[in-house]
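Each remark here refers to the structure printed beneath this line.
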Amino acid sequence: MSATFEVKPAPAAPARTEAVKRTPPPRPSRRTAAGRSLRRHWQLYLLIVVPLAYFVIFKYIPIANAVIAFKNYSPVKGPWGSDWVGFKNFELFFQNPVFWTLVKNTFFLAAYTVLASFPIPIILAIALNEIRNGRFKKTVQLVTYAPYFISTVVVVSMTILVLSPRLGFVNDAIGLFGVPQIDFLGRPDYFRHIYVWSDVWQTTGYSAVIYLAALSGIDPALHESARIDGASRLQRIWNVDLPGIMPTAVIILVLGVGNIMSIGFEKAFLLQNPLNTAQSEIIATYVYKTGLLNADFSMATAIGLFNSVINLFLLLGVNFVAKRITGNGLWS
Amino acid sequence: MSVTLQGFRRTAAGRSERTAIEETKTDRIFLIGVKIMLWIALIIVAVPLIYIVANSFSSASAVSAGRVLLWPVEPSIRAYKEAFSDPLIMKGYLNSFIYAIGGTLISVTLTIAIAYPLSRRTFFGRNVIMSLLVFTMLFSGGLIPTYLVVQDLGMLNTRWAMVIPSAIGVWQVIIARTFFRSTIPDELYEAATIDGASDLRFLWSIVLPLSKPVIAVIALMYAIFQWNSYFDALVYLKDPSLYPLQIVLRNVLILNTLTGSTTTTNLAQQLEQQQLANVLKYALIVISSLPVLVIYPFVARHFTKGVMVGAVKG
């Protein structure tokens, strides 16, 4: 025991205060602090090497590789050896008649998703919060939460099966009202509705959890005093619950808006078929087709980069707005 | 002061209890409305799920005629037998298990290896590193530049491509770091150092046993993500023997390519095959969601906590 004490001169915290006391200038220079930390905690630095290498290799090298957006990529010469072409790929993309369709499809699909999937979880959470804890409440929560864990492939397959003209029950149901069969997935106009509402079906229960937590954080004294003042349930929801979850809701809405252009590839691609591409072709699916199916690496990278940059600016702008509204940003 | 406060509280509680008993008429009607709404939500979510399960247990002809709604018609497990005897589906199942288990092990290890140092106040440069990680959430090189890296590493069309390129999630790092920070006090570390424990020893014998809940959460997150994902496989894999279940599902369910290649000229047999293919789809959906379903009660309990921990900004 005493031997180890001699080997290790002093425990961490006292050493730190000692060092601050001993050094004449107000604070030690960063370099010596780094050196000391490195010497004392070399094991921690060793630990972090592999994960850091992961981020460098799979996140930062790709960012560097994105330089091929400005080049005519040749597999033989590699990303750095290929010939520069300036903004030619971007110009070609902007002039391509498909450009505006892609931007429009991506934007409308994402905006619709954000608009539809923002209020519904709030309503579900408030409704769940109104009823007493019991089996019914637990069942509703457990069931609505479950679809979140089903894979995209399965959700899309279910959607296709349920909406199928011959087999699905949706067509049977509308058939009862005398509506002729509709091939929902074969019609471009239905694509966005299918995408958005299957998304709402899948994620509402999950999103409601965050609001339920915010609701349980509301001071019960507020509810009690509102009751004493004779407020009805609806009035209490409006004047106590909604203001109470407002900060959470603002953050979530703002995040949703910030991520509008980064709407996922997975689901759109799976729901896509040759009949509905007029509305289902979004930037992400187009990048995949251009890059991997047509092997036009430079063009695909340019389109992806264009999207990433727009998304970055959207997020930064939205973060600025969030800071103004809630007092702190989305990160840091 | 404290006495009056106490008195006030008591009356407030008393009142609220009384009002709970004598709810006004509008409140009672409102509550009924709320319950109806929740029933509707329950039905909307549950009906498609029940519909799928009911169909998967019905006979091929009943499914093809669209006669099944919420209860199996002419119950049969033929579709399941067919699915479990299909080599491609079983191979996909096995592959998915390999990717989910292997990927989760790698991911959890790497996540702890970066989250723990970043949670320590004495770790120099942790803020810079954290910013670098968060930046990757905001901006990425894109599909093709990442593909080129995977290609250069020789991972294309290997099992590594399924577990390495998406190994660490920044969100999971944030969750783990926040947990370490808020539950492992500095005093504990100091006490351990006095007893002669090194940083690694402290992590292994003290931090990890204390962090079981958060490790469970991030392991579940990675496992479910890995089980459900198909994008990496779509991009990086060409060899069908490496396909995870989700890709097999996509081929069967969405692209309608049948796996069993028994071609018959007999019309009746063809019709039967076609009908069987329809039930097979429903059975496949159930089979593929089964592992997630099995751990779901566990997940439902722990996931919420994890989401909450992550929501607390660190």
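Glycine too: its Cβ is placed from the backbone N, Cα and C atoms.
Per TrEMBL, region 'Disordered' is recorded for A:1-34. The annotation transmembrane segment is assigned in TrEMBL to A:44-70, A:107-128, A:140-163, A:205-222, A:242-265, A:297-322. Among the features that TrEMBL reports, domain 'ABC transmembrane type-1' is placed at A:103-318.
Only sequence-distant pairs (6 or more apart) were considered; of these, at least three Cβ pairs between the transmembrane segment (A:44-70) and the transmembrane segment (A:297-322) are under 8 A, so the stretches are in contact.
Listed as Cβ neighbours of the transmembrane segment (A:107-128) (distance under 8 Å, sequence separation of 6 or more from its ends, same chain) are residues 137, 140-141, 144, 192, 195-197, 199-200, 203-205, 207-212, 214-215, 237, 241-242, 245, 249, 252-253, 256-257, 259-261, 263, 268, 279, 282. Tertiary neighbourhood of the transmembrane segment (A:242-265): same-chain residues 106-107, 109-111, 113-114, 117-118, 122, 125-126, 207, 210-211, 214-215, 217-218, 222, 282-285, 287-288, 307-308, 310-311, 314-315, 317-319, 321-322, 325-326, 330, selected by CB-CB distance under 8 Å and a gap of 6+ residues from either end. For the transmembrane segment (A:140-163), the list of distant contacts is 124, 128, 169-171, 184-185, 194, 198, 201-206, 208-209, 266-267, 270-271: same-chain residues at least six beyond its ends, Cβ to Cβ under 8 Å.
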